[in-house]
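Per TrEMBL, the features are:
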DOMAIN    197-404  domain 'Glycosyltransferase 2-like'
TRANSMEM  42-63  transmembrane segment
TRANSMEM  374-394  transmembrane segment
TRANSMEM  406-432  transmembrane segment
TRANSMEM  495-515  transmembrane segment
TRANSMEM  521-540  transmembrane segment
Amino acid sequence: MGSLMEWVPLATSFIQERVHGIKKSDIIDGIANIWDLFRISFIAPILRVFVVICLVMSVMLFIERVYMSAVILYVKLFGLKPQKRYKYEEIEDDIEKGSSHYPMVLVQIPMYNEKEVYKLSIGAACGLSWPSDRIIIQVLDDSTDPMIKDLVELECQRWACKGVNIKYEIRHNRNGYKAGALKEGLKHHYVEMCDLVAIFDADFTPEPDYLYKTVPYFIHNPDIGLVQARWKFVNADECIMTRIQEMSLNYHFKVEQEVGSSTYAFFGFNGTAGVWRIKALYSAGGWKDRTTVEDMDLAVRASLKGWKFVYVGDVQVKNELPSTFKAFRFQQHRWSCGPANLFRKMAMEIVRNETVNLWKKVHTIYSFFFVRKIVCHIVTFVFYCIVIPTSALVPEVYIPKWGLVYIPSIITLLNAIETPRSFYLVINWVVFENVMSMHRTKGTFIGLFEAGRVNEWVVTEKLGDALLKSKDNNSIKPAIKPSQIPLLARIRERVYAMELCVGAYIFFCACYDVAFGKYWYFIYLFAQAIAFFVTGLGYVGTRIPNSWD
């Protein structure tokens, strides 16, 4: 033991002499050599594979966008509106027949704790111009707040006193969420006399002539199962986030929906502002709650039964965009997770279907699902938020200019041109869409692999006129002052860790590129990092007090 104790000081002294003998520059050089070896031998080969995959997906997305733009140009040049593609005659009053030649229409309004907008939606539905004996308004209230349920029921009674045929329906559970409510609503005995069903979410307010502009397509075209109207956003100017949403959704409606209607007579039902032939709905198997996109599920199944869909862009229905970032995140998770999960469930069913032709199958599987619902989200996040920043650290990996600049620029312009009034916000749109692609990609993988949150359903919060009220101190005051909310809860409500982490990584890559890079990636990387930081710190969208009297 004594000899061992004697060796300890000697060994310590020897190590100290060797360490002190090494220069700091030697340590730095050693670390640099290790990094170079690791980068060249391990990171660079993997990154090159990801670059190739992302470039292939970018080309797929580019071809899809160019193709759809060509179709839209053709439709506009030759004026191929749906009235020309299908037999369309306006419904006129007949003195002899009275109102009997009008189809019987059921109007469904599903709602869940819609305190701010229930009056608007019920009032708009009850104000539809249609013979009073040929329309039934059905309010499907799944509210869990007793006070809100009472308010909705009173509003229905108020309209019933005015002679409107309105039904207030509730159920004892929320099984199936919106799909469950719509399915349950069709079980009532009075629905048997209805030919068509129009569906409006709680924040949608159709114009009085909505039915007069959509129903005629069903009368003379027995193969049409769905007529979809366009959304018009009443709060698009509320903040930059809503302006950016408007740009993305305008492309969806003006291009994607129009192309699907014009060429394949198929597109995804948007869940609202549409009219279904009840026969088509039943023949497709009715509403199912197996995914969070019950509307798209129904549309695909109806299409496989041979039913055609018509998109009528001239008919617009007012609605509200989510103006808080929290609500927008939940909505985007549902809109990305649901389609991916539906693709997983229905891909082979579409392939084996014998009713529709091969061209329509290819369009549904490849274009509608794979490119738009999966490839688009993945390539946006992986390429622009992971691969490009990482390539700034790995000079051995080269990304061709056509994939780095030309293709993204053309895709961006094709999207932005549909909303010319917001063209000056195109840079904001690009970096914010890249931020949101992180959540969409996560949702896509959750849907594809049926992970934990695959069936998570969070109703998109609608503010209605709450924002206007918040600006008037005399009309409404917060029930809880911000100072009364615990600090940790306020931080958790406002700060988003994932955005901050990705932003920090991109910022580091930008700084590295400034110091050692040669491709000038930092110009884009700094802008993208700032977008992640701004979003991660909660400086996006509208903020209102947490609770109201």
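Quick reminder: no glycine exception, Cβ is built from N, Cα and C everywhere.
Those TrEMBL annotations? Automatic predictions, nothing curated.
Contact between the transmembrane segment (42-63) and the transmembrane segment (406-432) holds: at least three of their C-beta pairs are under 8 Å, each pair 6 or more apart in sequence. Nonlocal intrachain contacts for the transmembrane segment (495-515), taken as residues 6+ away from its ends with a CB within less than 8 angstroms of a stretch CB, comprise 385, 389-390, 392-393, 435, 438, 521-522, 525-526, 528-533, 535-538. Panel annotation: around the transmembrane segment (521-540), residues 240-241, 325, 384-385, 388-389, 391-392, 427, 431-432, 434-435, 493-500, 502-504, 506-507, 509-511, 513-514 of the same chain, lying at least six beyond its termini, place a Cβ under 8 Å from a Cβ of the stretch.
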